[in-house]
Ligand SMILES: Cc1c2[nH]c(c1CCC(=O)O)Cc1[nH]c(c(CCC(=O)O)c1C)Cc1[nH]c(c(CCC(=O)O)c1C)Cc1[nH]c(c(C)c1CCC(=O)O)C2
């Protein structure tokens, strides 16, 4: 199926574009009243994630309502640990909890390398339904968590400011840590390849907890597995978004990937220098900039666009949009990118 709007893919591959493409991390979600209406009819978050027709509906909402240049499949990075045998619960207003965590060698041994068709078929079905319903309007982004971020949740058992249990395991038992990371990596590679077969047009890897590791640990326990994943996806554009990993950018320049995501702490010019001209950069407006009045949103968005300078840029926030953001401000951000970046 020929895409009617392929700006995202051309920008990812470094081909010329008429303007800068724009989408938002977490665009499908609580900022939209239409999302909350679907969600309220259901038993919870998981029912939405696990019902392909509903997941497709909320995936497409931001395309209809916000006019973004890409859809991202509505799911969660935590479906991967669940497929491996570590189930999660999503607690309203608190976040994810894992009733059973991974602590011992026996726990690690009990985790399976999941077959995506057997254990994550609902995501693959959601991708197929979404592709059919999008009918080529915009590309569909597939995603997964980076192995380190998934490891952090499996060992910690919930979100955390420090993930100190997970980080402790890297010091106490590096070998066992690698065994678990290898299983997560194998599952993730098969899962992402299956997403591509199901119709995903670009893949994004979220390393949300990159920034809490010391650089040497990051290289040993996160970067090498991200690098393996990139090598396993040779025929599709890949974006690596590693929050807080400014110290790893020289390594990221060497990855077999097309796009690097920047959070709002990162200096755009410095990062461009380190990454070089062979990759596209994505980001990086502070999500809090959308709490400005409309004139402020426009001003901050233009400043951000000026910093990237147009070429090889995909406009986005520096992390997911905050749930209490006014959707009209999100639209203002999107329209400003579209008008101001016209070439
Ligand atoms: C760390 C992480 C998670 N999930 C994800 C990450 C990586 C990105 C990041 O760093 O933010 C990824 C994710 N989660 C969700 C998406 C949907 C697609 C999109 O970007 O629009 C994506 C890409 C839906 C979701 N995932 C979650 C929601 C909110 C739950 C709800 O709607 O009831 C949504 C829309 C829940 C979730 N899921 C997770 C947490 C910590 C939470 C609770 C915090 C929160 O509520 O925002 C884990």
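Just so it is clear, glycine is given a Cβ too, placed from its N, Cα and C backbone atoms.
Here TrEMBL flags 21-30, 141-157 as domain 'Uroporphyrinogen decarboxylase (URO-D)'. As annotated by TrEMBL, substrate binding site applies to 26, 27, 28, 29, 30, 76, 153, 208, 319. Here TrEMBL flags 76 as site 'Transition state stabilizer'.
Taking the features listed in TrEMBL, we show where each one sits on the structure.
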residue	record	Cβ contacts under 8 Å, 6 or more apart
26	substrate binding site	320, 321
28	substrate binding site	35, 58, 59, 61, 62, 71, 72, 74
30	substrate binding site	36, 39, 323
76	site 'Transition state stabilizer'	45, 49, 90, 96
153	substrate binding site	78, 81, 88, 96, 98, 145, 159
319	substrate binding site	25, 243, 263, 264, 287
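When the domain 'Uroporphyrinogen decarboxylase (URO-D)' (141-157) is classified with DSSP, helix, strand and coil residues number 10 helix, 5 strand, 2 coil. In the three-state DSSP classification, residue 28 (substrate binding site) falls within coil. Under the DSSP three-state reduction, residue 76 (site 'Transition state stabilizer') is assigned to coil, being neither helix nor strand. 26, 28, 76 are the recorded positions among 26, 28, 76, 153 whose C-beta comes within less than 6 Å of an atom of ligand 1, given in sequence order.
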